[in-house]
Every structure is written in C-alpha cells, then in structure tokens.
Amino acid sequence: MFNNLTQRFLKIIKKISNKGRLTEKNIKETLREIRIALLEADVALPVVKNFIPSIQKSVIGNQVNKSLTPGQELIKIVKKELTLILGKENHSLNLSVTPPAIILMIGLQGSGKTTTTAKLGQLIRTKYKKKVIVTSIDIYRLAAIKQLKMLSKQAKISFFPSNNTQSPKDIVQHAIQHAKLKFYDVLLIDTAGRLQIDKKMMNELLDVYNISHPIETFFVADAMFGQDSINVINEFNKYLPVSSFIITKTDSDTRAGIILSIKYLTKKPIKFIGTGEKLEELELFYPDRIASRILGMGDMLSLIENIENKIDKKHIKKFSNTIKKYNTFNFNDMLLHINQIKKIGGVNSILGKLPKTQTIFNSFQNNIDENILLKMKTIINSMTISERHQPELIKGSRKRRISLGSGIPIPEINQLLKQFNNIKKIMKTIKKGGVTKIMQGINNIIKNKF
C-alpha cells in the first residue's frame, strides 16, 4: 500500500542527494514536496501540519553530520519523525491476566473483522502458545457465524456456537462460562459490523463490553476506507473505549493515509496489520519498520522473522548447500523453493520488504501476478524425472511435449528455462559475495517475468 508514497520519497531523496549540501532554499523546496506527497497519500491535514515543522526543526536545529550526504541526512530525520507519528514503539498483546483473557473485535461492516478474528486467534495460538476459543455475536448475519466457524477450524482454534435466537448478552455470558470450565486462555468475540452509528446497536455493544470486561477492544479498520475511518472511530469511542487498532487490507493498492494518521489523531496504537487474505497474513505492527518500508529502506527484520517462522529449517539448510553447489541446482530444487515462497506470502510479500532503489522500484512497482508461480509449478510437473534432474535435456521435441502436457505455450517454457539459468547465475554470485550483482540479477528476473 506504500508504493506511491515510497516512489515519491525516492524521487525526493534522489533530488536532494544531487545537492552538495543542505541549504535553507533546498530544505524549503524538499519540505514542500514531502507535504504534497503526504496529502496525496490521504494523510490527515493535522498530521501533515505537525510533521513538516518537526522535520524543519530537526534539519535546521541539529548540526548536520559531516559523514552523511544530504540525502542520507534527510532519510535519517524523516524516518525518525515518521516513526514518532506511527507510534514510536511496538505495542504487543498483554495476555498476563486471569484466564480467559477476553478480546472484543469491533468495526464497520466489510472491514474484514470476522476473518481478522480467526487470524488473530491463530496468531495467539502459534506465537503466544495459548488455548484459544472464538465466538460470534453477529446474530443479524448468519453467514458471519458460519464463516467464523469454518475459519476457526482452519486456524485450529475452538469455536463456541451461537445463533440468531439468542441475544448477544446471552451468547457472551455462556461463552465466558464455557471458556472458564474448559480452561481456555483467550476468548475472542466477533461482534456485528455496523453500517452506520446506530444508537440501539451501540448500546448493545456497550452491554457486551460491560459484561465481558475485555483486556483489548480492537477496532478493525479497512485501509481502503482512508482517513474517513477516523470520524467513525471517534463515534465508537463515545460509547465504549477503543483500546487499539488492527488495519486490514494493507496489501491493497491504496493510499497510506489511515496508517499515518490514526495514532496521531486518536492517541491509540496500531497493534497488527493484515497483509493478505490467508490466515497467517497478520503481522505485528512495528512503527520503525513501517517507516523504513515507506522510505524504500525495506523491512528485512520482518522478512527474516517470516522466513524463520514459516520455512522448514531443513529447507534453509538445503538451500544453503544448494548455493555452495550451485551447479547441481535443478528443477526439483526450484519446485521446492516455489512452494516455500508461497508459504511466506508469495513474491509480492517478499519484494515489498526488500530495500529499493529508484531503478529497482520501477521494475516492480506494480504487483507481480502470483499466478506466475502456479504456471512454473505446472510446467515443472509436466517434465519427466530425468528432465527435472538435467534441464539441459529440454530441447525442441521435449518442449512440445511439456507444452501439450501443461497447456502452456512454448515461449513461456523458454522463459522459465531462461529464469532457471538466471537463478543459477545469482547463486554463483552469492557464493562469490557480489551483492550489487545479485540485485541486478533479481532485477533482470523481474523484468523478464511471464
């Protein structure tokens, strides 16, 4: 979701980097461009009005580090100020209470609240090692109850049943009693999404809040709603205290306004962000890492954590050995790597966390079609065992047979063979330690995608 803003910042940084030093004139011009970039990204005006003077004060008030270029100095200052606006530090869940710890999920209809409830349940089960149960009090939409039941099964967490003949208060009371009897650590309550601020429904929500005494009341906000969500949040806050936020659909091609505005305007932290549709695509929110991502510096820590949590240690060891013996790399290895890439969120998730230069950014500023991986798998699965082990065997007649078997045209099979050879070259470069050449190699693969 930061693509447009990141591109603007990269251009601004490149422009100031060409200057010999920071002067009052080029600082003023740069701040004007940053202001426009933030407003176009739908960042709230009060946030921008605070942000720009803070940068100006830091640039002019601090002695410029002589070892840094103007561009580096600007990045350092802007990253610091962005981190402050985003929340300064990470706020994690505190589940150190007498069980069950109750979490209330509230928000507008269509924000992804039910899916997020299941995602959070799975994250608490896997990361915090807690016994989790979920329930729905959305008696106005039976599909929501069925959806949560199905998702809870996928997330390997328990589901407490409910139906539209019960009142939300009764469901919550019975769910709490059940959670205590069965020694659950955490109870997640998915509430009915609101289309508007309805007094009757808000009072109903307040009753549930007073009965459950939640340790967290998460407002689930859709990133695509933009800063308009702030007004809705303030209305919710009049009835019951919102404690923190989960921002969903941050993988969408939308502006970053809500993420950059919500903490400053509400004084409540963002704790999680939804980065995709899959249950595992919910991440802890780290303000400093998001600031780095916005400035094109990447988020290598999150990428490393993702790899450590989701990729088999045996695969990492095998990949390391493959690099050492890059000449033995074959299509069986490639198929294994494709499956691992899908595990950590796909190509776009990885690229989104890599550091960017303007050149590299231009190569993948538009999302890469994840179906590329599916095509690759289909082609490889249409090869014989000997062809997978010895790709050099794949010539004219074999290509035609693979094309017929996979239903994919020969030019795209040629493209896969070309990419396979590019990957081998990158492995050779990694072994020799050439980082710049590695990035150029990745850049070439991206440019030559299907």
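The backbone N, Cα and C atoms fix where each Cβ goes, glycine too.
Features as listed in Swiss-Prot:
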type: BINDING; residues: 107-114, 190-194, 248-251; note: GTP binding site
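Note on the binding-site residues Gly107, Gly110: the fewest other CB atoms within 10 A surround the CB of Gly110. Among the listed binding-site residues, namely Lys113, Arg194, the Cβ with the most fellow Cβ atoms inside 10 Å is that of Lys113. In this structure, Lys113 (GTP binding site) is part of a helix by DSSP. Same-chain residues at least 6 positions away in sequence with a Cβ under 8 Å from that of Thr191 (GTP binding site) are, in sequence order, Leu104, Met105, Ile106, Lys113, Ile137, Asp138, Pro168, Leu205, Val208. Counting every protein chain shown, the number of other Cβ atoms lying within 10 Å of the Cβ of Thr250 (GTP binding site) is 23.
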